[in-house]
Amino acid sequence: MYLSRFLSIHALWVTVSSVMQPYPLVWGHYDVCKTQIYTEEGKVWDYMACQPESTDMTKYLKVKLDPPDITCGDPPESFCAMGNPYMCNNECDASTPELAHPPELMFDFEGRHPSTFWQSATWKEYPKPLQVNITLSWSKTIELTDNIVITFESGRPDQMILEKSLDYGRTWQPYQYYATDCLDAFHMDPKSVKDLSQHTVLEIICTEEYSTGYTTNSKIIHFEIKDRFAFFAGPRLRNMASLYGQLDTTKKLRDFFTVTDLRIRLLRPAVGEIFVDELHLARYFYAISDIKVRGRCKCNLHATVCVYDNSKLSCECEHNTTGPDCGKCKKNYQGRPWSPGSYLPIPKGTANTCIPSISSIGNCECFGHSNRCSYIDLLNTVICVSCKHNTRGQHCELCRLGFFRNASAQLDDENVCIANVCDNELLHCQNGGTCHNNARCLCPAAYTGILCEKPRCQEAGGCASGAGQRAPPRGCPALLLLPAPLGTARPRLF
Ligand SMILES: *[C@@H]1O[C@H](CO)[C@@H](O)[C@H](O)[C@H]1NC(C)=O
Ligand SMILES: *[C@@H]1O[C@H](CO)[C@@H](O)[C@H](O)[C@H]1NC(C)=O
Ligand SMILES: *[C@@H]1O[C@H](CO)[C@@H](O)[C@H](O)[C@H]1NC(C)=O
């Protein structure tokens, strides 16, 4: 079941300098891609590395539950109050709005009392495991900028795995394991993020910090992005420059905080005691009131604006880049290989803009078939050097010998010159054939071959003789044995 969570058809966020920025200003925000500056040559653009502002990413996701019918209330059922196994007359009923707990309530505005929450069916099929996968998909690479926070309305699960995908859900990696007993649940030693260091920051750990029993008051589970940032930026993230320096040079670190999807695998509900109370299975279920995911569109430091249009996020690329993540150079701007912008040097970074493929010296245009021009003093003119794509000429405006103008391609198209077959000047179709679109000769029925140069064979083994025709070759190749009637003047396509 895909729930459409898109509250607005078109949302847009633009970075504006914000007084609420939690970080010091000195190291730069990367919130503009270019500014106009004055130089000796007048006003020119100065390009900089840039990125969209960090925002609440739960507005732009799709949520999917597995099993699809795991939400409580269809059919209606009763469950026990949190923390009180003997008050079991609470009701979940999907058809009554006040008693329904659909998945979108994990992402609505919190702060109301009582809070709204998604709730699963109860563990009535015990001892069959009660397991739920909650998949959050953005269909866009995003970079996490703050802790992922999941608030449970019931007890926090005894066992849970947070997973991530970087390839739109094709493959998954664990992000963090959560259990009351890591060794028992996952054969892992319990650890906390604080046990890690700069060198082990990418380690996937199992933590027992967030899984204490059913009766405790705490409802929250974290995936600690900020504690991991702090290994580079210091305890209060004062030195973001240092973090950005690391992100710039260490792809693995950057990728660690990048996702296209997240998956919460709920493996065992809060039990709290050693034994499951089989007489009151309506005590056991999952309920989540809130999920927080903050991040920004990954635009490779080539955009400050990320647009949400048609249920899709995409970067508004600058620096003459293009693609959903600004991951390539625009057409005609492939003068050097694409590369992401760089945070360095702090604070402006480096834009690494894409440069035009066509050098423009004077009026010289090479139609995108060369990126080098040469000035010929003697002729006082500029010519394109090393024309590619089978072109030639001062402006790469002609086709090389043996190649012909593709009438359906523009002059700057890579396919403008094609090895075709005939034209009406140099490469004539023979024996009265006519050239069709430079692509093929339309031959009279008695002839065949690319240029109508071969007489068609008779079934008897002989060949047609036409005006000026040489003696027929002996033993015509079988492939040419076509049942074409002799003497038909009508041209045939072969
Ligand atoms: C959750 O996802 C995992 C990994 O794909 C799969 O093995 C498991 O069966 C899923 N669980 C449910 C309840 O769908
Ligand atoms: C991108 O190309 C346009 C022309 O299409 C040009 O005006 C602009 O300055 C270029 N931007 C960069 C960053 O090179
Ligand atoms: C001619 O150019 C068009 C447009 O680029 C292209 O689709 C087509 O394949 C080209 N024809 C040949 C024979 O290459």
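Yeah, the Cβs are placed from backbone N, Cα and C, and that goes for glycine too.
It should be emphasised that the depicted structure is a prediction, and the values quoted were computed from it without experimental measurement.
Annotation source TrEMBL lists signal peptide at 1-28.
According to TrEMBL, the domain 'Laminin N-terminal' annotation covers 46-296.
Across the domain 'EGF-like' (418-453), the DSSP tally of helix, strand and coil residues reads 0 helix, 11 strand, 25 coil. Annotated domain 'EGF-like' per TrEMBL: 418-453, in sequence order.
Annotated disulfide bond per TrEMBL: Cys443-Cys452, in sequence order. Within 10 Å of the Cβ of Cys443 (disulfide bond) there are 25 other Cβ atoms, across all protein chains.
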Under 8 Å by Cβ from Cys452 (disulfide bond), counting only residues of that chain that are 6 or more apart: Cys429, Gln430, Asn431, Gly432, Gly433, Cys441, Cys443, Pro444
